[in-house]
Amino acid sequence: MNSLLIAATDTDAGKTVVTTGLVAYWQKYYPSKALGLMKLMQTGQGDREWYEGLFQGQLEMITPLQYQAPLAPPVAADLEGRDIPLGTVWQALLNLQKSQDLVLIEGLGGLGCPVTHELTLADLAAQWRLKTLLVVPVKLGAISQTVANIALAEQKKVNLGGIILNCLEPRTETEIEQLTPIDLIQSLTNCPVLGVFPFIEDRRDLDKLASVVASWPEIKLSSI
């Protein structure tokens, strides 16, 4: 299946900047191949304007479900008296997969984030057989959050492709090693750390974003 879910350990982990980097990488190194981007569902203010302004029509992007309140989807939907029709999301994904060589799916919250009253993002990733990258912010507490999210992923049988460490602020190599020690995380989770995304002040610098992703030797988007 030609799809990759970008999930995270929590909200504000940097999924959008990592996803932007993956888009920039794909467009730079695989310009002849079509790329689609899907926001699984959006609550509150979204990133659609960000992506559209940055890639200016070069990217097929869809957001099947949107809710106004910046809350967990079932809570936001309840406030509006609406349902969460996952069938609509699934059909939108199938349609995008048919027309694109690769579809990047930006998730929401952590893998334990509820997408309905019964299902979490991890449930959805497993049921829809989505290969998943886990974005981990470089900060205090990241190790325990990573272990917990991957334990949930294993319980739900999510196809985890690996971990991306993301710097939300400028970090030295020593800080990265102390806050998110790669060997320790890999030992505790049996999940590979594929790369580190450094803090980039200008998130519109697509060449720099693409070069970061290109420096991760284990990332092979063309083989998904």
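Quick reminder: no glycine exception, Cβ is built from N, Cα and C everywhere.
Swiss-Prot annotates THR16, ASP47 as Mg(2+)-binding residues; of GLU80, GLU106, GLU118, the candidate listed for that same site is GLU106.
Taking the Cα of CYS167 (ATP binding site) as the reference point, the closest of the recorded positions LYS39, THR43, GLU106 is GLU106. The separation of GLU106 (Mg(2+) binding site) from THR16 (ATP binding site), Cα to Cα, is 7 Å.
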